[in-house]
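Residues or ranges marked as active site, charge relay system in TrEMBL: Asp163, His237, Ser599. The domain 'Inhibitor I9' annotation in TrEMBL covers 24-127. Annotation source TrEMBL lists domain 'Peptidase S8/S53' at 154-638. Annotated domain 'C5a peptidase/Subtilisin-like protease SBT2-like Fn3-like' per TrEMBL: 714-811, in sequence order. Taken from TrEMBL, the feature signal peptide covers 1-22.
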Amino acid sequence: MRVVEFWCTILVLFALLINGKAEVYIVTMVGEPVISYTGGIPGFEATAVESDETLDATSQLVTSYAQHLEQKHDILLDSLFDRGTYKKLYSYKHLINGFAVHISPDQAETLRRTTDVKSVERDWKVRRLTTHTPQFLGLPTGVWPTGGGFDRAGEDIIIGFVDSGIFPRHPSFGSHNADPYGPLPKYRGKCEVDPDTKREFCNGKIIGAQHFAEAAIAAGAFNPSIDFASPMDGDGHGSHTAAIAAGNNGIPVRIHGHEFGKASGMAPRARIAVYKALYRLFGGFIADVVAAIDQAVHDGVDILSLSVGPNSPPATTTTTFLNPFDATLLGAVKAGVFVVQAAGNGGPFPKTLVSYSPWITSVAAAIDDRRYKNHLFLGNGKILPGIGLSPCTHPNQTYTLVAANDVLLDSSVMKYSPSDCQRPEVLNKNLVEGNILLCGYSFNFVVGTASIKKVSETARSLGAIGFVLAVENVSPGTKFDPVPVGIPGILITDVTKSMDLIDYYNTSTPRDWTGRVKSFNGTGSIGNGLEPILHKSAPQVALFSARGPNIKDFRFQDADLLKPDILAPGSLIWAAWSPNGTDEPNYVGEGFAMMSGTSMAAPHIAGIAALVKQKHPHWSPAAIKSALMTTSTNLDRAGRPLQAQQYSETEAMKLVTATPFDYGSGHVNPRAALDPGLILDAGYEDYLGFLCTTPGIDVHEIRNYTNTPCNYSMGHPSNLNTPSITVSHLVKTQTVTRRVTNVAEEETYVITARMQPAVAIEANPPAMTLRPGASRKFTVSLTVRSVTGTYSFGEILMKGSRGHKVRIPVVAMGYWR
């Protein structure tokens, strides 16, 4: 038997040598997936769902048709290729009809020429887009009480996380201190067992847990010893995002003996369904991510949270809205699943978004009102600002400053970059003990081979009172986040202040003619960096948060669709962490981490959407998105227009007035989103109309990914009924239509419009009265006044007689022709 296996392996390797290196390809097939199959094949009745209708994956009709599609995939591959020359990884049946397969480039070309095949795309990589927030958003007093308090907030809503897995034993996901979680018949997902402990990952709070790694394994990227062939989080990112959206309420955040507050998810009673498709070293592959999404929708999740984005554009598709990833998410939305995606971390530069499509809610990242600062007090009276979540040195006492390079045991250790303070064994404990150790922040910290956590451990092991890390040079855009440490410590991020420290140290440290220190006379003390400072200027758009305008293709042509959609907290967010996690070296082995990224912003919206879904269970994904967007705010807590972090001419960070390309509709307001007054609804056919009306999109490409001909038109893509209006190429006058539906009591709305001077704006009618459940259309006319070569920004404001306010951002660029 082993001889046969050996020769089979040799044959596969020989075939690959002849045909070229095998890769993973995603293949879409002729024929409709479960979600849009309308019948016509003998023996198989229709399985299509209406827009926003939940897919019943347990029905005999669905399971038999899904099996039929999988058989067709297998028959096609068997008819084209010899057994052993390919490996099918997944069959996609519910949201798109296709499969992922590991084959050679020549075999991929054979598939492209096959009549039953619509598209063949080489798989591409994705990456992760990497507490206090509930209070900042007003959830405990303004939102949770309406849902029965925190112990009922998000009850029976299932949030699916396509991420790096979960650490199930974290208290943020525990179920023993809560009311028992009963069974949820609507959820059909399974729960894998940990292969090491033989324990299930699920506990009621965590309702499902699966992992997807076939593409990663086929690509040779998967290492089971660190990536874990289970839903176990080997990175930390997945546990963090799940806790932000749905972690338990009131979990103490303790690190190094200090409590930084209590952490809570946005919807602490919501259930968590884990679909692990991201891994610590390489990110993930679209083939695995699409399989995870397809499974999540099949299983019955209500909300999908995706803190993930592509490393690069797809190889064979030019349209941003049409690829296996976005097409799968369109199917998910058709099945009634609300989809949230991180906007990306490429800011503050324009057109850096990695989330494009109108059926996805794309989330930008804000800095909230909490800032951490610390100070170094020098013996010459100077006070140097810095950051560091550390306790202070003993009050009213100063300590001697000793630089790492001056306390080496042997000059030969210079090859180890001793100023990084990563290796205590190369430093003289007798000279460090009882003093403050001065270290240098080098490039090693930027690339992750050095960490502040390790500096702290070095200083502690040598008996130092504390440490100082001085940044002597810095690249533009380097981001410094405070790190919790157990001893007094501070990072001086301002290069000029670091020079002040170095000058003071050098003048107070006499040396002999060889450069060896005679005596250490410099002194200092470190302040308390554990307490946050609250700012009224919050929220602000974070420097790293990706910016619009949105693009419709990878030639970077502007789309008639605003992105990002909304702004949520995404900077310095405390949440659960996996002790196995290595995504951030400063938190290795810890139970909590403070992270930044649009990865952190997206689960805030996922959790808040769960609260909206709980109150309005029959609302469509578009209705939930509308409620979040139209009630958001474009003012900070002091009542001033939102600001965005941006680079100045000297590449230093500055604040500028933010625009919808920074924040979308504005910063989320959960309390208002529960009672928006009006919603702008849209469904599957509306999204098809948007695609079919967008200039430059190939109708054959639309049919390939949607299985639908372009029988839908809306005149112009700006007429898609979204809670924003974008006209990227405005000539003369253009009139855009919107339809609103009243989800409250009868109310009269007065409609006003305003715009920057280059574009005139008018809304009609000026007022409308709507009964409960009624819908009305209104128009917005935009006219070019002057051509400036830049976008003009404005808004439609609808003020209701019962106090509701509905705000719709307007964006347009004028041209003479």
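Going from the start of the chain as shown, residues are counted 1 onward.
A Cβ is built for glycine as well, from the same backbone N, Cα and C atoms used for every other residue.
Here the Cα atom of Asp163 (active site, charge relay system) is found 7 Å from that of His237 (active site, charge relay system). Note on the domain 'Inhibitor I9' (24-127): mean pLDDT across this stretch is 91.
Helix first, then strand, then coil: DSSP counts for the domain 'C5a peptidase/Subtilisin-like protease SBT2-like Fn3-like' (714-811) stand at 3 helix, 62 strand, 33 coil. Rounded to a whole number, the C-alpha distance linking Ser599 (active site, charge relay system) with His237 (active site, charge relay system) is 8 angstrom. Here the Cβ of Ser599 (active site, charge relay system) has 30 other Cβ atoms within 10 Å, regardless of which shown protein chain they belong to.
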